[in-house]
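Taking it in order: structure first as structure tokens, then the write-up.
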């Protein structure tokens, strides 16, 4: 079930959902707007001949920090990682989904490629997969609204929330955009004829 603004406020007020820092004006009818942080992870395309998710490739990206009042320019066709300004913390019976802002999408800005789902139990800054599909550069300002979180109540609490037991996952507690850690639990099924 998708939570309404009433339910979202109740979850925030009780402390079960954490958004830090919280700006109450960001609560929308069925979501909460989130803002862009000042950290970006750029791809160094000359370091490797190709990207292999099975291998650790530490030099694939580099962290760039802009001043709080300095813009980051995302060029046409460019893909960078960013993150939410807010640290998001979910209980074991709520999941969230990151969606883009319609007004930014109409300018050609995509906020996530595939990873819009946030598991119950997650705590950290949400990494954004920012792409410019427009034909002009897009100016990104730290602190600007960049997306929105929708919250979903599970039918029951997760037995193994994110960050616990076998799910002590790769991105729990992350601060800033975190590079891929796909190599840590890469799974490959042998495909038979």
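Note that Cβ sites are derived from N, Cα and C of the backbone, with glycine treated the same way.
The structure displayed is predicted, hence computed values, not measured ones.
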The residue range that Swiss-Prot labels region 'Disordered', out of 132-162, 163-193, is 163-193
In whole Å, how far does the CA atom of residue 103 (dCTP binding site) lie from that of residue 129 (active site, proton donor/acceptor)? 17
Have a look at the recorded positions (105, 116) and report the one with the fewest Cβ neighbours inside 10 Å. 105
For the binding-site residues 103, 148, which Cβ has the most other Cβ atoms within 10 Å, all shown protein chains included? 148
Counting across all protein chains present, how many other Cβ atoms fall within 10 Å of the Cβ of residue 129 (active site, proton donor/acceptor)? 17
One should report the C-alpha separation between residue 129 (active site, proton donor/acceptor) and residue 116 (site 'Important for bifunctional activity'), rounded to whole angstrom, as 9
In DSSP terms, helix, strand or coil for residue 103 (dCTP binding site)? helix
